[in-house]
Amino acid sequence: MSGGRDSSTSSGSNSAAPGASTNATSSASASASSTSTSASPGSTTSPASTQRQRGRPAKRATCTWCGEGKLPLQYVLPTQTGKKEFCSETCIAEFRKAYSKGACTQCDNVIRDGAPNKEFCSIMCMNKHQKKNCSTRHSGGSASGKGLAESERKLLASGAPAPTGPFQYESFHVFDWDAYLEETGSEAAPAKCFKQAQNPPNNDFKIGMKLEALDPRNVTSTCIATVVGVLGSRLRLRLDGSDSQNDFWRLVDSTEIHAIGHCEKNGGMLQPPLGFRMNASSWPGYLCKILNNAMVAPEEIFQPEPPEPEENLFKVGQKLEAVDKKNPQLICCATVDAIKDDQIHVTFDGWRGAFDYWCNYRSRDIFPAGWCARSCHPMQPPGHKSRMDSSSSKQRCPRPRYTVVAESEAMVPASPATAHFHPNCKGGPFINNSKLPCMVTGPTYQTLAKLCLQEVLAASTDTQQLSKLLFALEGDVHIVTAAGKNFTVKIPSPMRMKDDESLAQFIETLCTTCRACANLISLVHETEECKKCANSRKRQLTQSATPPSSPVLADKRNRQSNSATTSPSEKIIKQELAVKSPVESKSKTSTNNGKEPASQQNSNHSLNNNNNSASKSSNKVVIKSEPNGANAQTSSTTQALRKVRFQHHANTNTNSSATNGNQDTSQTTHVSTSHCSSSSTSSSTSLAGGSANTSTIGKYLAPLVAEVHPEQANVKPSNSYYKSPTTLSSSASLPTSVSTPFTGCQSASSTALAAGGVTAAKAATAPAGAAATAGASPSYTAITSPVSTPTSALANSHLRSQPIDWTIEEVIQYIESNDNSLAVHGDLFRKHEIDGKALLLLNSEMMMKYMGLKLGPALKICNLVNKVNGRRNNLAL
């Protein structure tokens, strides 16, 4: 039992402060709240404990009533001869009943049944008393002393206040603020800095009264609370339906407490408290039961809330009284250690930094100096760090000395350290930056680093992979909680994080590890947008705004951007299918009639070899583009062609398409192909006798659509006209981009365009050797053709038509092809043997309960199951 928490007093200082209210001395539960044994700021060591530092250890204290020595003695009853300690409210109540009937004259203990004498609890006490008072045993003084003791016992049993008697229930020393301020050379914070009344409000509440209060763990709920303790101007409340472990304290002028009926008048509804021990459906009946014949607190005893200060007027170093958040029944001597905006850092005098906290300057948990004395509330004096080394305080105080290392001065900044998140910056492959907060604040650098890791993990899209990366960092091992899970990470040791520079280095390492933008987390709030991410975003917007847009176009742009960093020899990309453009525009060209350089011939020969080797699994279109060079320069002026659609036929004249192979154009051609779901036997047969490129094209039977746009410069409509595709050169190189593909096969009749005068013609495909003789440049651009099917569609095409017949591997294949993030659950499906039949029966509750899936993946899989059921129903129709 901590002596400072007991507030033991001598006979000369046993009286309460002037004006002590009746409520402060009315019940045992109030004493219980004010005499808790847990260590806290302001709890001091009693003189008795300091005297027992040598020799034989002190005898373990036991409950005065039941003799229990294992339970903490949380309840103290001051008496004439000292104090009585108890383990529970029941023990202290029973002791008071027995004490009112009579007490031992020698030891002041209760006289139980079977005692040898009505005045003594035991023979030993009787013998001691006889030896001590043998000469005056029959004198009148003994009788008068006995009469005084009986009157005091009756006064104690009645519970009435005794301002000057030794049996006052709550007695405490009045802290001398003037002497303390003079000793420390500091000043007290003025009353205008606090959101507190000038004079502490009267507390007319009584234990057992019921009222409405906001649940401190869920401030949106209004619950029924019972007053279980009264101390000065404060109330100890317990939510009905909750246990005693969640009691909380409120001032009588708080806006969080109201009279019964206030919630209903304002259109609200009383809610069960968080952690309601009964069934939620029984709440209405339970509410009627507890309010029936209850002692309801009258509305007039609730005090109005005081006005709040207009701004933060605190100064560093000012003294005040503050509630200990870890032991809220205590108000202790404290100091303003730091100020930042609306926040102040409260430190408790004489204690290490474990109990310090940040709060708003409008907080109701801070009071001006002298508030406790005026409100008759016990005030805990400053602690003494030197006493923590004594053996008795080590046993009584739960604050270990090694905690000082975690809160060393090197780790505590002058003001709270703050890290700012910039959601506009890229979060990389592991972080969803939309889930990041704007900022986090920590009292120490290490705490801030831990908070940053916690927020990054909470916003992660793949916590399993990211936690491995964070654990690979250097530093001390810590456990952080994010998204309902515990993760083991590493944070630099306190000795390495001494200033902002070290913290900034850690944040930079964190961003690099997460593959995010270096400006995603910073110690300085930057209003300007990150230039790197802004430029990247502008490029994406420009690319997405360029019509027409398609996945093929994006793939081409990615390849073009990658080609800037590759050597010229790497720019020739392997292709599975080479398509020669059958479009030729009339242009004025000046060509070199000399022989083609050997490098160009080698490149063309390499291209033809690649075309022949990759024709079996063709998914890409490679179009040879010839820039304006020394050997071939073009200055074409053409009119924009609306659309040229052509189909592959068996009677394609490949020789006619190769006659104009030396003519070049600088037009921009948008090539789009679509995969034809139905196959044509005659077309594939007729194409079998052609070259490798021709046979490959015939295999897909996809109509190729060319949309030609001239360059913006030198556009002369009079010099442009359409040519029949049969007369267009197949070797004419056109810089290409891809338009939106067609979704189905088109017949020969549907490809004719009457409005623009564009006729549908046969697709001309040059032989493999034609490319070698054409005067073309060796630069090639590879773009993805829409002929290639998406991964999910290609994977699903191999599945059986009926999902009910799917095997386990087919189910896993279907899920992985539709959502790559669900691929990690493949082994789980194998473990539970989820085949097609089981897949159709899955629901989110079943997957979460029996398969251990989280809600997010379970909902994704349910969505895929619904798609399968929809397709199944369509097939049945």
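Glycine residues also receive a Cβ, built from the backbone N, Cα and C atoms like all the rest.
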Going by what Swiss-Prot says, which of Ser561, Ser585, Ser615, Ser680 is noted as phosphoserine? Ser585
Just to confirm what the record says: which one of Ser550, Ser581, Ser777 has phosphoserine annotated in Swiss-Prot? Ser550
Listed range which Swiss-Prot flags as region 'Disordered', given the options 253-275, 391-413, 483-505, 713-735: 713-735
Given the candidates Ser27, Ser549, Ser747, specify the residue that Swiss-Prot annotates with phosphoserine. Ser549
Across the domain 'SAM' (806-876), what does the pLDDT come to on average, as a whole number? 86
DSSP-derived helix, strand and coil totals, residue by residue, for the domain 'SAM' (806-876): 57 helix, 0 strand, 14 coil
